Each structure stands twice: as structure tokens, then as C-alpha cells.
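What follows is a single structure, written as C-alpha cells, with notes after it.
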């Protein structure tokens, strides 16, 4: 009811605020016997961690995760896994001047009206700082999924007006943009440097792909795999749109083009993005998400205060000029959590189902 838990069988509940003591998560439903240690989670957290390049927020959080429960002698026990990350680099004084003002396009106004109180320090619970716990929980899901041959990866496919064609997975983790085309890096660097001089921000597009997904994941009609994946990705801060497969480009396609024809050797295309009728087809699961430009910029903006009076807001603090730069690990985590939950749900109901039809490659 309160919206802090994700999943049905594999559940993740997060807690904590941007400038609070710590962030935490309870991960429940993980099968026992999964080899797990903090370093498995730390790898993905380090990919998301703030302050790692001049193009992201300069808030420097080590994001060292602690596993408090649910793991014994290096393996999961099947009981709830408690995770904790302490906040160490808060600068709450940066927000003292806006405690009675609403930053344009932020959650300040809506949180104030919904709860009657808000933690104005860095956005409190509405801050993307919360996503650190999603990444940690997602790493647990990814560890299990890998044992089943499922791999989740993502990359930046657009930064502002700059389209980025996919070239190679090997390049993605070698640069701060998660860019799959090394030849694009100078253009991205120059664009971000100019953006900082302009004291402005920009949006981005992230693509996430899961390979090795078996046929059959998804629970029609209301818990279709693509519906739950869209829900998961839309829950990420600043995401304003999600596409599965060709998404909105399908509007201009004809049926003769869009249909993914099949032969005994396999599918001839994947316009559907790996989902047919809400159920995984065994093809790569492909999703794209659009992130808006943050309104946390140093240019003055018109707004109101808690009394309804007109004010001019200048946002202080340390912010990402493009929140999409660090969104790839978060999107990967949410896809992994969705797949983990549906894998367990499918196994619970349909583990004994057998068909004579071969699986297409």
C-alpha cells in the first residue's frame, strides 16, 4: 500500500533518505544455496556510485554495502537478506534556503501535498540516492539469474540530441557514459562540458538487454512480463517513457514488417523485444527508457513557496547534469529484479510443463 516493496515472490523493500543516516533494503524470497558475498554486490554499486567522473554529481559516497542477514558461510539461507549502506557525504546546509520553497519539476510540491511534511534535504525519499539499494538487490538477482544462463546488460543509446549506435559490449564499462561506441566519446565529453558551462542539464536514453531468458516467463493478463518490466523501469527516478522492442516505432511499421516470423532455425527478427502475449519468447528481452533532464540547475526558476507566494528558486547542491549517465546500472537492476521474480513464479506453477515443440534460437 505504501509503495516501498517491489515483487511478488522475490521481494525488495527499500528504506532511507538522501541525507539520512543510511539506506537499507530487505530482500526476501531468494532461494537458499546461492553463493553470495558483499563483493558480488559492490561491483554493481561501484558502477553506479556518485563522484566517479566530472560529468556526474561530486557528492562522494563510497556506497560500501553490508550484508546483515540471510547469508551464512558464504551462501544464502533462504531467509530475508538485510542490506545497509551508510550515508557519509551529506551537505544538508546546501538545501536550507529551499526548505519552504518548491523546486520546479521536483517531487517537493507533490510530497508536501501528499504527506503534509517533507524531508527537503536533497529530496529526501524522492532522491535517486534510494536507487543504490535497488542496485544492491539487483546484484543478488543477477547472481541467481547467471546460474540459470540469464545475463542482463545495458548501455546508453542517446545523450541529449546525440544518438549512440551499439558497437560493442566490451566498451560499455570502460567509460563513464556506459557508451558502447568508443568513437562517440569525444563528442559526448565536449557536449557535457558545454552543458556545464551553460549551467543546464539534459536527458538520456538507456537500452537494457537480457540474453538467455527462457520461454514462458510472464503471467497474463495483468502481470505480463512486459507490463511488469515497464512498471519496474518507470519506477526509476526521472524516467518518463519506456519502450519494449521497437516500441513507438511500431506505429509506422506494417504488419508484414513488424511480425517476427519463425522458421525451424529460429526467429527472423525481434521487433517485439522478446515478449509475445506478455510471455517471454526466448529471444533477447529488450527495453528502452527515456530519462528527463533534471531541473536541479543553477539557472533561476519560477516557483512558489509553502504559502503559495511567487519565488525564484536557485538550486544549490551537487547534482548530475545528466541523470541518465548513472542510470544504466539501475535499469539493469530493475530488469534483473523483474526477471528474478517471474522466474520464481513460473517455476512455482509451471515447472512440470513439457511440450514437444522445440525452442527456437
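Every residue gets a Cβ built from N, Cα and C, even glycine.
Swiss-Prot lists region 'Disordered' for one of the ranges 40-60, 61-81, namely 40-60. Shown are the binding-site residues 48, 125, 292; the one with the most C-beta atoms within 10 angstroms of its own C-beta is 48. Annotation note: residue 292 (FMN binding site) sits in a coil segment as assigned by DSSP. Around residue 238 (FMN binding site), the same-chain residues six or more apart in sequence whose CB sits under 8 Å from its CB are 128, 203, 291, 292, 294, 323, 324, 327, listed in sequence order.
Secondary structure by DSSP for the compositional bias 'Basic and acidic residues' (40-49): 9 helix, 0 strand, 1 coil.
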